[in-house]
Amino acid sequence: MKLFQFLEHEPINQSPFSYGFNQESNSSIVTIDVGGQLFQTTKQTLSLAGSKSLFSKISNSSQTIPFIDRDPEIFSVILSLLRIGNLPSEAKAFDIQDLIFESQFYGIENLLVNSQSNLSQFDAFNLEKSLVLPLVVEKEERFRDRKSQNKSPILEPSSRLLLSSHTRVFSISSNQKELLNQQLEMENGGYEIPENANEHCPGPQSESAGKSDSCEGCPNQEACATAPKGPDPDLVAIVERMATVKHKILVLSGKGGVGKSTFSAQLSFALAAMDFQVGLLDIDICGPSIPKMLGLEGQEIHQSNLGWSPVYVESNLGVMSIGFMLPHPDEAVIWRGPRKNGIIKQFLKDVYWGELDFLVVDAPPGTSDEHISIVQFLQATGIDGAIIVTTPQQVSLIDVRKEVSFCKKVGLQVLGVVENMSGLCQPLSNFRFMHLTETGEQKDMTEWVIAYMREKAPEMLNLVAFSEVFDSSAGGGAKMCRDMGVPFLGKVPLDPQLCKVAEEGRSCFDDSKCSTSAPALKMIVEKLVSQLLKYLCRCFIDQACIMAKIKIGINGFGRIGRLVARVVLQSDDVELVAVNDPFITTDYMTYMFKYDSVHGQWKKHELKVKDSNTLLFGEKPVTVFGVRNPEEIPWSEAGADYVVESTGVFTDKDKAAAHLKGGAKKVIISAPSKDAPMFVVGVNEKDYKPDVDIVSNASCTTNCLAPLAKVLHDRFGIVEGLMTTVHSITATQKTVDGPSQKDWRGGRAASFNIIPSSTGAAKAVGKVLPSLNGKLTGMAFRVPTVDVSVVDLTVRLEKAASYDEIKAALKEESEGKMKGVLGYTEDDVVSTDFVGDSRSSIFDAKAGIALSSNFVKVVSWYDNEWGYSNRVVDLIRHMASVA
């Protein structure tokens, strides 16, 4: 039976399920009784899945809480738990037909179901392929009413329902507090900046206050340098105020005059026409045009005990702008950065929007203080991303590229780029036809031309004429988006009728004369919503990953095995469930894990042996096996889905595949492999496909070299290169001179010698970056240090570049999409300064040198133990996210 046919059935009379909750006193674990079967989940999950009132009931009681049959609140929780995959598979084996009948009875607005026959097949990580079933007809009726009024339906109801039903967790969690602290470190943070401050003032409470270049000559420099540092309490107030706003979209442009505010206004009209609750915030402080574009000139702001009230165009479309505060519409706002930032902060913390589905923020052009402030404030509350508006010509796109770069640097998702005024496109009948006389006078021939066409060729009256206004020969916005890897939402033609409705403060979607611009804008809105749906799916996946931890087993408890365990045990989204090592006892495992000569004593949890097969990290049990044959390790008994193969023995695919026979789902080899696909996080992990079961995390040196080589190759092109790694001692070397048949020099005492050695790390880069295959090779020097190594890469470049340009490129990437993988430093550092650094590669700007603009040496450090172990876990996270 097809899924939509279920909707034709009447609700069943008796609910087949009964529910109940029970929790241990002072425990975060909650037991759910589903039809007599008991399952466990956490308070955190219930907080996300259920309503605040239900969570409050559960949190404030230590007794079994009965729920009457067909309680809509509890049924909603059960559906949410099933949706995120938090209940075991037995609890999911409910027939879809029953679930849909139940949903109809309870009035649940929509249900995400997979096209399989029952929920035991439901995959929480496959949301984009799921179907959305609208189960309430009231919104369908409003949708049909809109069509009957000849108003263009912007979006199909199913997408509307999914978006409007999406909610966020509004309490300030520890993650949000951490994010707030991160925001305080951003340039131009949310601090009260002195009125007479220099441009680009970092703020008196910033760590760089009084020290940055922008502080030179400022009268407040000394006071700022000595001022006490601390968090801005207004950020917490903003988070609380914005908690009722589900989606926040920033509209940006590289320069003025590209129609950004017109787009913001029409986007808001479109979203409101879909029955969303919409707010439009105008933060273009010095040029507030939004009041006019929404027909609100002359309106004033009113205040209540809840805060400032927006000015409403319709019951579901409110607007806030400084334009409502000006004593005269022609009054100029002559404010410097600090005052502008202050009013933006006041808009965010004092305006009472109520429950909003969307807040559209119209920003001024460029990348000014206002942009930095609004991004900082909204990132703490969960901003969805930015739309960038441009015109097709290069003089506009030059600035848009800077805008995209700005978004990447501050970690703001680019939802898409809109190319506005993309040629004049009008029905032929809308044109005026003029005859130029010999004296240059114009004679209007419109009536004659229209009459002539009507008589001779009436079909011409239905034609649309197009004329390019701005030069788009370089490819326009579409090509720029392809080059910069951001979505292109579409083109909007230059339409005089759109200009007219904007001047009059009306929606183009309700004006039949906007026959060229309205369809183009409609398509863009649909694409935008599609981008948001994908983004929400990714967020949903992230939440599911947090609540359903990734279970990891480790084979081989040597240097990398123990450090991978340390990374996992300090993370919230992954869980260590088992370790296998046949050569050491649990007592000795405990000792080796707790005491580390390089990385220090383990102090996060108390570590003890429960028995010969179990270690306790605090209260967390970890199963210990001592099996030599990997085929016989019972990973499935311990629940280990991802196994880290860190013995250094089973590095071939066939040998590593033995773990799959023991119940592992995926195997990650913590070493190079001759036949398993290699992935380097930050470089090519996106090439991983879910059907691949065995992967290699490459070597620590490849993990350092590949990000460095990728940036140089992407920006300047590598013709060829030589790499040398100066590498610390490893466990395979000799403490004193000893036999080494294959590598005579490798048999010499590690602690007494600098030993030349071979390495395949440089050639391996060609496997993760095929465009560099055959262009790099290298060697190693083993040196008597216990940790931290360094890569020396000398390359010949295709594109000439100064060393400063190379530094700038690496710095930009280290602060952008490679943040956390690639680092950058200009400090006078040495190897011990990088012990415990979790990044794969830290470029040393002062250590490199250039012979010419095409021949350069770059140097990058790496903690070959800790940085590499972090990447092993990051690769597992990525594999789980696309599973």
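A Cβ is built for glycine as well, from the same backbone N, Cα and C atoms used for every other residue.
Here is what TrEMBL records for this protein:
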BINDING   Cys201, Cys215, Cys218, Cys224  [4Fe-4S] cluster binding site
BINDING   Gly254, Lys255, Gly256, Gly257, Val258, Gly259, Lys260, Ser261  ATP binding site
DOMAIN    28-123  domain 'BTB'
DOMAIN    550-700  domain 'Glyceraldehyde 3-phosphate dehydrogenase NAD(P) binding'
REGION    192-221  region 'Disordered'
So around the ATP site, Gly254, Lys255, Gly256, Gly257, Val258, Gly259, Lys260, Ser261 aside, which residues have their CB within 8 A of the centroid of those CB atoms? Ser253, Pro365, Val389, Thr390, Thr391, Ser396, Asn420
Using C-alpha positions only, work out which of the binding-site residues Cys201, Cys215, Cys218, Cys224 is nearest to Lys260 (ATP binding site). Cys201
Rounding to whole Å, the Cα atoms of Gly257 (ATP binding site) and Cys201 ([4Fe-4S] cluster binding site) are apart by 28
At a 10 A cut-off on CB-CB distances, which of the binding-site residues Lys255, Lys260 has the highest count? Lys260
Express the distance between the Cα positions of Ser261 (ATP binding site) and Cys215 ([4Fe-4S] cluster binding site) as a whole number of Å. 34
Considering only the binding-site residues Cys201, Cys215, Cys218, Cys224, which residue has the minimal Cα-Cα separation from Lys255 (ATP binding site)? Cys201
State the three-class DSSP label for Cys224 ([4Fe-4S] cluster binding site), counting H, G and I as helix, E and B as strand, and everything else as coil. helix
What Cα-Cα separation, expressed in whole Å, is found between Val258 (ATP binding site) and Cys201 ([4Fe-4S] cluster binding site)? 29
Least buried of the binding-site residues Gly254, Gly257, Gly259, going by other Cβ atoms within 10 Å? Gly257
As a whole number of Å, the Cα atom of Gly259 (ATP binding site) is distant from the Cα atom of Cys201 ([4Fe-4S] cluster binding site) by 30
Where the distance is taken from Cα to Cα, which of the binding-site residues Cys201, Cys215, Cys218, Cys224 turns out closest to Gly254 (ATP binding site)? Cys201
Looking at the binding-site residues Cys215, Cys218, Cys224, Val258, which one has the fewest other Cβ atoms within 10 Å of its own Cβ? Cys218
Rounded mean pLDDT within the domain 'BTB' (28-123) lands at 41
For a quick check of packing: other C-beta atoms within 10 Å of the C-beta of Gly256 (ATP binding site), how many? 14
Give the helix, strand or coil assignment DSSP yields for Lys255 (ATP binding site). coil
